[in-house]
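Structure, as structure tokens:
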Amino acid sequence: MWNSVWNGQRQVRYESANIFSPYKHFLFSLLYSAFYKPSTESHEKQKMARPSFLQVIDHPKYQESKRIAIFLSMPDEVQTEEIIKDIFKQGKECFIPRYKLQSNHMDMLKLSSAEDISSLALTSWNILQPSDDDTAREEALAGGGLDLIFMPGLGFDKKGNRLGRGKGYYDTYLERCMKHPRGKPYTIALAFREQICESVPVTENDVPIDEILYEDC
């Protein structure tokens, strides 16, 4: 079945520099090498991702949200394609990340349809996203803000702490969200059970996730 972990603490913390602690670096290396290496096992994990679709579309926050940001999955992440299709089926607005690869800046740009994904450029990180010269798309914070963000990550703990890939894209973007009149959107991480850790070290820059959905066999 799928479990949900809710973080009731809504306070936000900031750091002066985006630097991993030794333990955070060790955990990052361990999770990356163990969970994200190409293997038959990683492909098998994708067979377990399907229940997340049912969990998401029945979630009250998803049901009530009109403007949703969601990541485009890499091969070893919980797959989001069916969720994106349902966002459009339900008449909601969908936004996806565009990362500035040499910085910690990220925008959430609007998709016109699920089929629009096929028009996106593939980055050197093997991620699909709108190209830099694609200036016609709405950026979420330039308009009505966001109600909900689905977040990826390497590891999570049950307190809502998240280990990303070290750039701080989502933490920086959530800081921008808090300056928007709509405020900080609700955040949900989609994870495999193997990504749930006893404890994820945090810094002042790390923004806790409101809720984590993960598979519990």
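Backbone N, Cα and C atoms are what each Cβ position is placed from, and that goes for glycine too.
Features of the protein shown, as given by TrEMBL:
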{"type": "BINDING", "residues": "L72, E77", "note": "substrate binding site"}
{"type": "BINDING", "residues": "R162, L163, G164, R165, G166, K167, G168, Y169, Y170", "note": "ATP binding site"}
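Annotated features, which come from TrEMBL, shown on the structure.
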residue : record                 : DSSP class
L72     : substrate binding site : coil
E77     : substrate binding site : coil
R162    : ATP binding site       : strand
G168    : ATP binding site       : coil
Rounded distance in angstrom between the Cα atoms of E77 (substrate binding site) and G164 (ATP binding site): 12
Distance, G168 (ATP binding site) to L72 (substrate binding site) (CA atoms, angstrom): 17
Number of Cβ atoms other than its own within 10 Å, given for G168 (ATP binding site): 21
Neighbour tally for G164 (ATP binding site), based on other Cβ positions within 10 Å of its Cβ: 16
For Y170 (ATP binding site), nearby residues of its own chain (Cβ under 8 Å, 6 or more apart in sequence): M106, I149, M151, R162, G164, V207
For L72 (substrate binding site), the number of other Cβ atoms found within 10 Å of its own Cβ: 18
